[in-house]
Amino acid sequence: MCSTEWTQKRCFRALCCKGPPPPRPEYDLVCIGLSGSGKTSLLSQLCSESPENIVSTTGFSIKAVPFQNAILNVKELGGADNIRKYWSRYYQGSQGVIFVLDSASSEDDLETARNELHSALQHPQLCTLPFLILANHQDKPAARSVQEIKKYFELEPLARGKRWILKPCSLDDMEAVKDSFSLLINLLEERDFEPSRM
């Protein structure tokens with residue numbers, strides 16, 4: 001076969017046999033954290049929404065957050081005192097958890113956030129799922145470091161054997177936030193390929 005004919009066949013095959021790109025996998029996630037931790041702002045920025053229209057979530061909202069290799073359907077739950085007791089009603093069907101905390105909050109709020117994270121890590125519907133824990137508001141002077149948060153939240157002993165990622169973040173550095181979500185997507189993909197347990 002002459003090289004021209006071979007090239008033509010190869011080009012024809014490339015043109016006619018190339019179908020649409022495979023659909024991106026979709027994952028259903030739940031996003032929790034106290035009021036004021038920045039859940040809504042982070043998710044809105046990831047969806048390229050205008051910051052002027054951001055209103056704190058009082059019940060729950062669902063956002064489809066697009067990434068190059070996946071779409072995350074994030075159910076964000078309001079973090080007010082009177083709503084947190086209902087969080088567990090919305091856990092069913094989740095494939096991963098995003099927990100946002102205000103790293104510059106008061107000691108009392110940090111203690112409350114710690115208790116809520118501990119409850120989530122031990123909840124029967126969430127305990128086997130990957131967790132992305134975001135220490136938000138790192139741009140504030142009072143922000144605690146990731147190491148301080150890890151120690152205060154007792155993550156090493158509590159989350160041993162679980163898949164979790166703790167990352168610093170702020171609205172000033174959305175690239176770092178996207179990188180953190182990419183790590184979570186990797187954990188979700190790994191979970192997809194695990195053999196099912198009998």
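Even glycines carry a Cβ here, placed using N, Cα and C.
Copied over from TrEMBL:
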- Gly33, Leu34, Ser35, Gly36, Ser37, Gly38, Lys39, Thr40, Gly79, Asn136, His137, Gln138, Asp139: GTP binding site (BINDING)
- Thr40, Thr57: Mg(2+) binding site (BINDING)
Checklist entry - For Lys39 (GTP binding site) and Thr57 (Mg(2+) binding site), what Cα-Cα distance in Å is obtained after rounding to a whole number? => result 9
Next on the checklist: Please identify, from the binding-site residues Ser35, Ser37, the residue with the sparsest Cβ neighbourhood, meaning fewest other Cβ atoms within 10 angstroms.
Outcome noted: Ser35
Checklist outcome for this item: Counting every protein chain shown, other Cβ atoms within 10 Å of the Cβ of Lys39 (GTP binding site) number 27
Checklist outcome for this item: Integer Å value for the Cα distance linking Thr57 (Mg(2+) binding site) with Ser35 (GTP binding site) is 8
Checklist outcome for this item: Rounded Cα distance in angstrom between His137 (GTP binding site) and Thr40 (Mg(2+) binding site) is 13
Next on the checklist: Rounded to a whole angstrom, what is the C-alpha distance between Gly79 (GTP binding site) and Thr40 (Mg(2+) binding site)?
Outcome noted: 11
Checklist entry - If you measure Gly33 (GTP binding site) to Thr40 (Mg(2+) binding site) at Cα, how many Å is it? => result 10
Item to check | Whole-number Å value for how far Asp139 (GTP binding site) lies from Thr40 (Mg(2+) binding site) (Cα to Cα) | outcome: 17
Item to check | In the chain carrying Asp139 (GTP binding site), residues 6 or more apart in sequence that have Cβ under 8 angstroms from it | outcome: Ser170, Leu171, Asp172
